[in-house]
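Trainee: I'd like to ask some things about the structure below.
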Amino acid sequence: MIKIYDTLTRSLREFVPIHENTVNMYVCGPTVYNYIHVGNGRSAIAFDTIRRYFEYRGYTVNYISNFTDVDDKIIKAAAKAGMTTKALSDKFIAAFKEDVAALGVKPATENPRVIDYMQDIIDFVQILVDKGFAYESSGDVYFRVRKSDNYAALANKTLEELEIGASGRVDAESDCKEDPLDFALWKAAKEGEIAWDSPWGAGRPGWHIECSVMATTILGDTIDIHGGGADLEFPHHTNEIAQSEAKTGKKFANYWMHNGFVNIDNEKMSKSLGNFITVHDALKTMDGQVLRFFFATQHYRKPFNFTEKAIRDAEINLKYLKNTYEQPFTATVDEAVFARFLEKFQAAMDEDFNTANGITVVFELAKWINSGHYDQTVKDKFAEILQIFGVVFKEEVLDAEIEKLIEERQKARAARDFTKADAIRDDLAAQGIKLLDTKDGVRWMRD
């Protein structure tokens, strides 16, 4: 039984899908105006791991992750670069796909782009206006927050707390709003900006409405899981809930999941703070699989401090698992003991996808394998578990010359010619091949 920590209820809840053996997930993707930073990469890795574990447990997963390609940041970045907004978005969508592929993230079932859903967005906003949940003002359209029941429940706040937080903050939209808490569904076009015709004049959608429209258009009025970074709880996901449920009269998502921040020197990594490392740059000096495994060692909801030491530790641990995976088979495998490892792993991961505890079990299993319990069945299951964390090892094939040297050393040992055997061992070590003599025969690993 899989349990999920639901941000909305602040509780661990048993996962019950809307449709049997199927998971419909929507995860907020990047605003494509720059390379993603490592914090964005963690979100992609976290939800890919969750997706993979659902699949490991036998579910079919419809995994939708959008590209926000209509946004103020894109307009500004495109103008600065002397590019069209579409050309800029296309560039960074391609970069995103390349970066997350290097992190072992599977392609989404679908990556919707805002630009392809403009009429759906306009229709959605019109319904909210018709139902009295939204109003037009000077070409903008705003959502009436006070008409929404339990508006800020996801953020665990009251309207009074939001009002206090908003006091003293006056923006260019304030004079157009009925209430300072109201948020934009549609923005009137400014001169020179990309725009679409609508019943309220030329303009473009607000950020929050975009995800509501894409999620419900593709997956239906109610989805199983909606995910994203913890920074999206308010206002983005809060506003998504308000506008979606106002339109449909139904619950928008049954489970809300949020991954923790990545910190640099114990401070949240973000583009606004200027303390970020892009995945694009990180991959120039470290292996994507190492970076991914680094994040898997911490529970997805917890903040993570990005340090060089932690990366080095992840690299060492991955090397150990690789050497374990490449071991030759042994004669003895206790199926009952192996089954208990699998049960223990599942119990760890069923508890809100606790990768930290799950990986602890993986290393216990590796230790058992290295003590002489390995056959094809164990190897196949070991590989299946590792791929949940994006770890896929290619089969190492020794070239004929090295195979011949190992065989010659075995013959020398059998003839008790230990001088020759040691010389061959040293020759192999110089080529990066480490030999281990065990009761089950010789084993080798890349050093």
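The backbone N, Cα and C atoms fix where each Cβ goes, and this holds for glycine too.
Heads up, here are the entries from Swiss-Prot:
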type	residues	note
BINDING	C28, C211, H236, E240	Zn(2+) binding site
MOTIF	30-40	motif ''HIGH' region'
MOTIF	268-272	motif ''KMSKS' region'
BINDING	K271	ATP binding site
Trainee: Residues of the same chain, at least six outside the motif ''HIGH' region' (30-40), with any C-beta under 8 angstroms of its C-beta?
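Mentor: Contacts with the motif ''HIGH' region' (30-40): 67-69, 71, 73-74, 76-78, 88-89, 92-93, 95-96, 99-100, 229, 261-262, 268-271, 276-282, 291, 306.
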Trainee: What are the helix, strand and coil residue counts for the motif ''HIGH' region' (30-40) according to DSSP?
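Mentor: Split by secondary structure, the motif ''HIGH' region' (30-40) comes out as 3 helix, 2 strand, 6 coil.
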Trainee: Determine, from DSSP, whether C28 (Zn(2+) binding site) sits in helix, strand or coil.
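Mentor: Reduced to three states, the DSSP call for C28 (Zn(2+) binding site) is coil.
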Trainee: For the recorded Zn(2+) site, whose residues are C28, C211, H236, E240, find every other residue on that chain with a C-beta no more than 8 angstroms from the centre of their C-beta atoms, and list them by sequence position.
Mentor: W207, H208, E210, S212, A215, H226, G228, L232, H237, N239
Trainee: Return the residues near H236 (Zn(2+) binding site), defined as same-chain residues 6+ apart in sequence whose C-beta is under 8 angstroms from its C-beta, sorted by sequence, else 'none'.
Mentor: C28, W207, H208, C211, G228
Trainee: Let me know how many other Cβ atoms fall within 10 Å of the Cβ of C211 (Zn(2+) binding site).
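Mentor: Taking every protein chain into account, the count is 27.
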Trainee: Which residue, out of the binding-site residues C28, E240, shows the minimum number of other Cβ atoms inside 10 Å of its Cβ in this structure?
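Mentor: Least crowded of the binding-site residues C28, E240, by Cβ count within 10 Å, is C28.
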